[in-house]
Amino acid sequence: MLTQTRAWQRLQEHHRQVSGSHMRDLFDRDDRRMQRFSLQFEDLLFDFSKNRITDQTLELLCDLARECGLADRIEGMFAGEAVNCTEGRAALHVALRNRSNRPMKVDGEDVMPAVNAVLTQMRSFVEGVHSGAWRGFSGERIRDVVNIGIGGSDLGPRMIVQALTPYHHSGLKVHFVSNIDPADLLDTLAGLRPETTLFLVASKTFGTQETLANAHAAKDWFLRCAGDQQHVARHFVAISTHRQRVRDFGIDPENMFTFWDWVGGRYSLWSAIGLSIALAVGMQRFEELLAGAHAVDEHFRSAPFEKNLPVVMALLGIWYINFFGAASHAIVPYAQHLQRLPAYLQQADMESNGKTTTCEGRAVSWDTGPVVWGEPGTNGQHAFFQLLHQGSRLVPVDFLLPACSHYALGAHQDMLLANCLAQAEALMRGRTEDEVRRQLREEGLGTAEIERLAPHRVFPGNRPSNLFMFGKLAPRTLGSLVALYEHKIYVQGVLWGVNSFDQWGVELGKKLADTILSELQGEGDLREHDSSTTALIHRVRCFPRRSGCQSGDSGQQ
Ligand SMILES: O=P(O)(O)OC[C@H]1O[C@H](O)[C@H](O)[C@@H](O)[C@@H]1O
């Protein structure tokens with residue numbers, strides 16, 4: 001039991017001692033604080049000095065990790081043990097990027113030959129599309145790729161493809177369709193020609209309602225132009241673990257890229273699910289991404305906890321969630337191309353650790369995963385930073401900051417950097433009432449006005465943040481960053497005692513949606529619902545929406 005460990009008890013005591021201290025004093029007392037509380041990993045600097053910690057905090061948190069058996073659990077994951085306890089499966093996404101090619105086993109079998117075979121298949125496909133050897137049915141080159149998938153079969157590739165915009169292959173545009181909202185597919189198809197469009201139907205299970213409905217609609221759109229069913233083979237490939245369902249859909253298993261049930265959906269961008277990434281940036285860049293993640297895997301496996309980046313990230317999170325009562329964690333990349341990182345991490349973190357039952361089936365009596373949210377800076381500054389600075393809640397922030405841009409435009413990048421560093425400093429230092437009064441006096445305000453305004457202009461500070469700084473956002477660095485977060489999530493799951501690799505919580509809504517769908521489409525009696533749901537279903541039935549939808553459809557065709 002987490003809360004019964006000796007380290008937990010000591011952390012509670014320690015929290016009582018340190019929670020009153022202010023980070024500005026900790027910095028004033030120690031001019032080497034940044035050096036002591038930062039870690040360098042290749043190109044990545046992780047500055048965690050602006051946290052409400054001392055040496056002892058870190059020691060005690062590492063003790064907690066030791067008492068929870070973290071070392072064995074890390075080894076267990078790499079050894080292919082069934083760390084996904086409810087589904088009895090390994091979670092071996094590290095094998096997908098195992099550039100050392102050391103054997104990695106699941107149920108006694110080395111998975112590396114199969115992993116490498118799919119990478120080879122991806123390489124030849126990507127090269128074929130890029131060179132023009134793979135063409136559409138009319139003989140034209142492929143110009144647009146549409147990845148149809150949702151959740152883990154969308155968020156990772158979508159985030160990475162956007163993050164690597166400067167590396168995009170010039171002749172190809174990659175699009176993503178995920179939502180069952182008809183607007184998503186129709187808006188995307190509106191600018192495309194069937195002759196030059198390639199669809200990647202990405203679904204681990206090949207049973208996801210949204211993906212199958214969108215894929216069927218895309219196939220209809222394609223066939224309306226291509227006519228002959230045989231042409232589907234040049235324009236639809238599948239990425240899945242489920243061969244039979246791929247065949248049933250009408251995609252030749254020859255055009256299927258496989259992966260395995262030991263790859264969790266939200267950990268799958270490193271598998272064939274990353275085909276859209278490889279098409280966007282080329283196979284070499286994709287492999288650089290894998291290499292960056294692999295380097296972090298080696299670090300995670302071997303570095304002592306105090307120097308282990310994902311372990312430190314995880315322990316800091318636990319410090320705020322379990323001892324300061326923080327309920328959320330903001331991700332603020334100061335990089336426009338990392339716009340989708342918060343959304344990606346929402347799934348990675350919240351679907352992994354949004355749980356309250358331990359692997360032994362007991363209810364936890366401690367808080368688990370935070371609400372993850374965020375937006376790129378500087379936009380976020382003009383939206384939610386008010387609450388970060390002066391709100392009543394403690395929200396730890398992760399800043400991600402590329403020191404250099406791929407683009408040159410006046411002083412833009414320096415302004416971006418200055419803003420990020422200023423926000424982190426302001427969150428930490430705050431502004432005292434004395435400082436406010438002094439400033440207002442300098443601004444020439446009278447005493448009464450100063451008294452009136454001073455309380456509003458005080459910043460409490462002492463608000464924690466981590467900062468990742470790196471050079472340009474390159475594939476290897478990005479691979480490392482994502483792997484760091486993945487392992488952070490695993491470490492937290494281990495300490496909280498939950499299974500980070502299942503997602504039973506998304507099932508109930510899906511089941512109810514199936515029932516309600518048939519009720520919306522039928523005229524008969526409704527099954528038992530609460531009065532609110534019943535009334536809403538009746539209301540939908542009364543809307544003249546069908547004609548509206550049809551005219552919308554035909555407008556797009
Ligand atoms: O890849 P698929 O099998 O289509 O699954 C897509 C997504 O669906 C689900 O509802 C899960 O919550 C996600 O973890 C998963 O990534």
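If you go along the chain as it appears here, the first residue is 1 and each next one adds 1.
Every residue gets a Cβ built from N, Cα and C, even glycine.
These features come from TrEMBL:
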- Glu351: active site, proton donor (ACT_SITE)
- His382: active site (ACT_SITE)
- Lys510: active site (ACT_SITE)
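Neighbour density for Lys510 (active site): within 10 A of its CB lie 10 other CB atoms from the protein chains shown.
In the shown protein chains, 10 other C-beta atoms lie within 10 A of the C-beta of His382 (active site). Rounded to a whole number, the distance between the Cα atoms of Lys510 (active site) and the residue listed as 'active site, proton donor' is 15 Å. Separation of the C-alpha atoms of His382 (active site) and Lys510 (active site): 36 Å, rounded to the nearest whole number. For the recorded site, His382 (active site), the DSSP three-state label reads helix. Its Cβ placed at the centre, the residue listed as 'active site, proton donor' has 23 other Cβ atoms within 10 Å.
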